[in-house]
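Here's what TrEMBL has on this protein:
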DOMAIN    25-427  domain 'Major facilitator superfamily (MFS) profile'
TRANSMEM  21-38  transmembrane segment
TRANSMEM  63-83  transmembrane segment
TRANSMEM  92-110  transmembrane segment
TRANSMEM  116-139  transmembrane segment
TRANSMEM  151-171  transmembrane segment
TRANSMEM  177-198  transmembrane segment
TRANSMEM  245-262  transmembrane segment
TRANSMEM  282-302  transmembrane segment
TRANSMEM  314-331  transmembrane segment
TRANSMEM  337-355  transmembrane segment
TRANSMEM  367-389  transmembrane segment
TRANSMEM  401-422  transmembrane segment
Amino acid sequence: MTDARPQPIPPSPSPAVPAKRWAYVIPVAAIMYMLAYLDRNNVSVILPYMHGDLELSNADKGLAGGIFFVGYVFLQIPAAILAQRWSARKTVLILMVAWGLAASLSGLVQTKSQFYAARFVLGFFEGGVWPAVLILLASWFPLRERARANALWMACLPLSSVFMAPLSGWMLDHASWRWVLVLQGMPPLVWALVWWFAVADRPAQARWISRAEADHVERSIAADEAAKPPAGSGSYLDAVKQKSVLVLIGVYFFWITGFYGFNLWLPSVIKELTHDGSSTEVGLLTAIPFTIALAVMIANAAWSDRTGRRRQAVAVPLVVGIAALLLGQAVDGALPRMLLLCVTAAAVYAPYGPFWAIPGQLLRFEVVAVAMGLINALGNLGGFAGPYLVGWLTDATGSSVTGFAVLSGFLAVAVALVTLGLRTGTRPVRRLSEEAPEGA
């Protein structure tokens, strides 16, 4: 006997939510910060060619690279608070114009002291951009998309070096280092116009986004916030009371010491491997490690979002970086050392997306701005320590071998902190909505 009862009709799948924010917010923010990173790091390519003008020792070069990060500290928290409580869009716009002018004017310095001052001022204006953009992205991408959004934006870091190294090398073959600094400071002044018209603080304020996408983003972010424990009023004290913030500051400091110590001196090491090759040749070879780092960085962030394993996505690459740094000092031959430089670059860049997804996963919105500012401000002091330490040790020993070996020790401390200090609170991120944005 057949069952005549009507069979239930399976529910139709929810229509995909548009994802135009991935095509608007991420590329505009990535190009903006790529220009900032270009102005920050072009000094790594220029330094080997400017010592005759300003009479810089290796320790002086390390100080010139590192003093940027002393200035970098000051606007971290003020800019994060302005971005959260006033406008991330306007905060970044003001800083973009200021750092572009500072970068161009640094090409006019005549003495070592003036060069130090110019680097400090450039760091001062660039310092507020990073936390302001992280606050902006937190208003556009829910937690389950956050590591990918962070990594796609932060892909500008290795990508800028891919372009910066050969471009700066080519420019140095045709002009003085002064013109390189002056000309490379101008693009941010132009991009400020694109930023102003393409970016909005929140989805509801953007003219180009659909109502469905804006509602989806705001509903998902509201659900993320509701799932977090209370965190106080958003004061400095509220942020410092969070154990996770203190651990993340430590992780970032030791990681960034190794990161910038390696980055600043990479072109100089490659110049040694080429036996004083041309500026263009050194620039092209320097781009190779950063190209590999770009691919690994995005892949690691995608894995982190898919599995929710933030700690592992930070710690494992750094362990690989430690091994590559140490092996690189033990092997002979240009090709093996170049391969290990590529592995090291990929390893120190890979944690960026997952690492910066952790604060937003652990902390409520009212405290995350101050927390991110503290993490970036205090952690980036490692950007001073790393380059200066390698420069000083290179002067003392006549080789970068000891300096790079010491950097591996700093990375090891970062691994220990992220492994032992963040045991809880970084569980896989639940899907807060069944709606799947297109292209995310």
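Start at 1 and count along the chain as shown; that gives each residue its number.
Backbone N, Cα and C atoms are what each Cβ position is placed from, and that goes for glycine too.
Because TrEMBL annotations are produced automatically, they should be read as predictions rather than curated entries.
Remark: the transmembrane segment (116-139) makes no contact with the transmembrane segment (282-302), by the rule of 3 or more CB pairs under 8 A. Ranked by Cβ pairs under 8 Å to the transmembrane segment (314-331), the stretches 21-38, 63-83, 245-262, 337-355, 401-422 are led by 337-355. A contact links the transmembrane segment (337-355) to the transmembrane segment (245-262), because at least 3 Cβ pairs that are 6 or more residues apart lie under 8 A. Taking every listed stretch (21-38, 151-171, 245-262, 282-302, 401-422) in turn, the largest tally of C-beta pairs under 8 A with the transmembrane segment (177-198) is reached by 21-38.
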